[in-house]
Amino acid sequence: MELNSVILTIGSSVGFFKLVNCGIGKLPIPETAQRNAWKWKNISTSFVHSLITGVWSVLCFCMHPQMAEDLIETHSVFSHALVSVSIGYFIYDFFDMVINQKISHSWELLFHHVVVITCFGISVLTCRYVGFAVVALLVEINSIFLHLRQVLRMANLAKSTFYRVNSMINLGTYVVFRINTLAWMTRWLVLNRDLVPLASYTIGSVGLAIMTAMNIVLFCRLMRSDFMKSSREKEGSPVVSLERQVESVERSIVFLRQEQLSLLHGLHLEILSLQKRCTELTQELNMKPPGRSEADVQEEEQQLEARCQEVEEHLQEQQQVQSDLRWELSQKSVLVGALRASLKEKERRFLEELKHRSHRTTALNTELQKQTEVAAYLSFQLHSAKQKLQQQKQQQRRRPAQLGTDKPPVHPSPQASASSPTVIKPKRRSSSRPSSHLRTERARECVPRERVTGPEEPMAMPDPALFLYPYRHRSRPLPPHRHALQEADGEESEELDQGASVSRLATTVAKATATTASTTENNAE
């Protein structure tokens, strides 16, 4: 390529990457990256350059493999254009950082860009070492993952799986395409020392040395940032924060002590040197040569007095600084004592609160167990009473049917029994047993109205397993024939048993209610 073509290519490259930067600025930026939008656009533009030049450099060797054998003279227009485009990007990035960032924050990258522009410019202008420059651009394959890592960190995706995978790939490509490539280029430059002019050899050697040092530093930073990061302690606990403050204050105290000792040591050495100098000057005055006048001696004395006065002022300033440091040390000691006392007080309160809650939990568990037992017992008593009432109701309903069985049944004829089912009609109750009728009516009056008009089938007892209490002593209903036999004799005893059961149930319920209320009041107190 001619000089005009090279200048046109470099200028087009500068304009292209400027347009890429403006286009990235119009795209949506993550909230975490909006604080430094310029850095987001700059890194994204660098990512585009790395992607283009990394693939382009590989294609150069694939399309023109002879260039790998001769890195000095052999090259193609395709590879020459690649180096020119890279020069345009580095020129654009150099001015972009100078305009938008402080030089003290980016002097390393600016120096790197100057070295690269110088080396690549010599290669493009002389049309020599183009293959060597293309080998150097293989480093941009690792820059793809390096810039992608920075983009993910700015987007607050540093804890994602994609970031971890990219970090591992970045580290692997860093070793292969940066460290190994630079080492191979250094080896090639040393082996071909006789074929390279002195100026080019010097510039190339200095550039490779600088790039190697920067890459080693960057590799250490990557390792420390992505793979050697220590686990952080959990924050939020007041005890941990106080302990950290105490440790920080103790470290400050140790640092102040060391500074004070070093300051005192320096002052002591300076005082000794001044005393020695004063002794020497005194000896010189005593051994004054005959050629010196009185005016010279007075002038020298004045200079020595001025020097001594300056030293005394300096000593006073150092003493004042020392007193300030001692006062600050005493303040730090007071702060350490206050922090330790606060830490002990908070720990004591925490232990008291924990003990109080433990006692209260034990009391509530005990009370819950007692209430569960009382509830199970009451459920059992209620079900027993309900069964007794149902049994009485069934006995009263069966009694009229059993009273009509005094007459012998009428036996039908064989013909009638064959043609229709047997129907047994009970005899009418004779009026000769008024006492049995009166007992039946008296038993009906004892049963509550709602029990008489209620459902015929008894309701099932709730499951007492919910109250963790075994279901025992269940009363079983008597067979129908035993009801008939014990009807007349057991009516009065059943009525007495029913009354006694109801009274016992009411007494139990009252006692359980009183016990629950007293326990609740005690817990509230």
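Glycine is treated like the rest: Cβ placed from N, Cα and C.
Positions annotated as coiled coil by TrEMBL: 294-321. The annotation compositional bias 'Acidic residues' is assigned in TrEMBL to 488-497. Per TrEMBL, the feature domain 'TLC' maps to 35-231. The region 'Disordered' annotation in TrEMBL covers 386-461, 478-502. Annotation comment: TrEMBL describes 6-25, 46-66, 78-95, 107-124, 130-148, 168-186, 198-222 as transmembrane segment.
For the transmembrane segment (198-222), same-chain residues at least 6 beyond its ends with a Cβ under 8 Å from one of its own Cβ atoms are 108, 111-112, 115-116, 118-119, 122, 129, 132, 167, 170-171, 174, 178-179, 182-183, 185-186, 189. A Cβ distance under 8 Å defines the sequence-distant neighbours of the coiled coil (294-321), meaning residues of its chain 6+ beyond its ends; these are 263, 267, 270-271, 274, 278, 281, 285, 288. As a whole-number mean, the pLDDT of the coiled coil (294-321) in this prediction is 88.
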